[in-house]
Amino acid sequence: MDDKMFNTSSLQPEATPNTSFSVSDDRDDTLAQGEIAILASIFLLATLSNGLVLGALLRHSHRALPMHRFIHHLCLADLTVALFQVLPQLIWDITDRFQGPDVLCRAVTYLQVVGMFASSYVIVAMTYDRYRAICRPMLAFRKGPACWYRPVVVAWTASFLLSLPQLFIFSKRRLPSGAHECWAQFIQPWGPQAYVTWVTLMVFVLPTCFIAACQGMIFHEVHRSLRLGPEGALGGRGSRQGASLISGAVTKTLRMTLVIVLTYVICWAPFFLVQLWSVWDPRAPVKSTAFTLLMLLASLNSCTNPWVYAAFSSSISGELCRIFCPRLARQRFGSLYEDSIMTASCSVGRDTLS
């Protein structure tokens, strides 16, 4: 979402309790072309990368691990971002004005935020499943298949519910210039600050803290299991081969932890920092090129998500190799036991108890 969707500090409020915002008719064509190029690149990259990973999962859906179902939903969430957030914003920037009735304005702005919430919350659900499978394997074993789909249902339900304010904030409005635009209406002076801060906490700050905490506990548990030796290594397989697999898992889990958290923070931080800056600082340079372009980076995480998880899942990367390089796939395809330890689904609990 760019400033049309979130940023209100550059807009001139009218002197009313419920403030309607107007926008200047001036348009920097060079900056607009840059916005269009960035949005088009993000749309193509997010669509193609998530489509490829989703296709790899669907090729062998009959023997998919629960972890694969999480990645399936992550791809769907990121495709929601691409189709309902990036694409409408791209069309909006090309036409310069929102083309459509009030109901379409509300629907588009609602679905744009649904995609943001879903992309974050499915990662949270996947991380929680990984934590429960490795740190609480008995709980995962007792709950069986229900242990993976309940967090997913909660993630999607929360995404749809927490996005509802968009339906009331945005509508098709007549600007002082006489043109009609899909625009926001906030109570002044605290409305914009409260809403942007709330969304930042719910989409970025709290999920980041949760993901970092869960990944830290996962790494601690794998380290603890290694110190116990083969008999105590994640489920007590009691073999040197199992201990060797888990020893390799420590390094891979640490790398995965750093990549997931850093990628998540790097992709989301610029967008939310400039959004907070724009509503809390009246002197923020909201019309500068750098400021405007940073507001377009909210969807970068949807481009990187499928590759981050595919890189640490030998089965998914193996399927992608089968599609693009079948000969190489026969040499590099990893075992499902190692894959389940690295990516941690509910099946870890069952595997380690068998």
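The chain as shown is numbered from 1 upward.
Cβ from N, Cα, C; glycine included.
The region 'Disordered' annotation in TrEMBL covers 1-25. Annotation comment: TrEMBL describes 1-23 as compositional bias 'Polar residues'. The feature transmembrane segment is assigned by TrEMBL to 36-58, 70-87, 107-128, 148-169, 195-219, 256-278, 290-312. For 49-309, the entry in TrEMBL reads domain 'G-protein coupled receptors family 1 profile'.
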| request: Using Cβ atoms only, state whether the transmembrane segment (36-58) and the transmembrane segment (290-312) have three or more pairs under 8 Å that are 6 or more apart in sequence. | output: yes
| field | Distant-in-sequence neighbours of the transmembrane segment (290-312), which means Cβ under 8 A and at least six residues beyond its ends | value | 1-3, 6-7, 31, 34-35, 38-39, 42, 45-46, 49-50, 52-54, 56, 71, 74-75, 77-78, 81-82, 85-86, 115-116, 119, 123, 126, 252, 255-256, 259-260, 263-264, 267-268, 270-271, 273-275, 278, 284, 320, 342-343
| query | How does the model score the domain 'G-protein coupled receptors family 1 profile' (49-309) in terms of mean pLDDT? | reply | 81
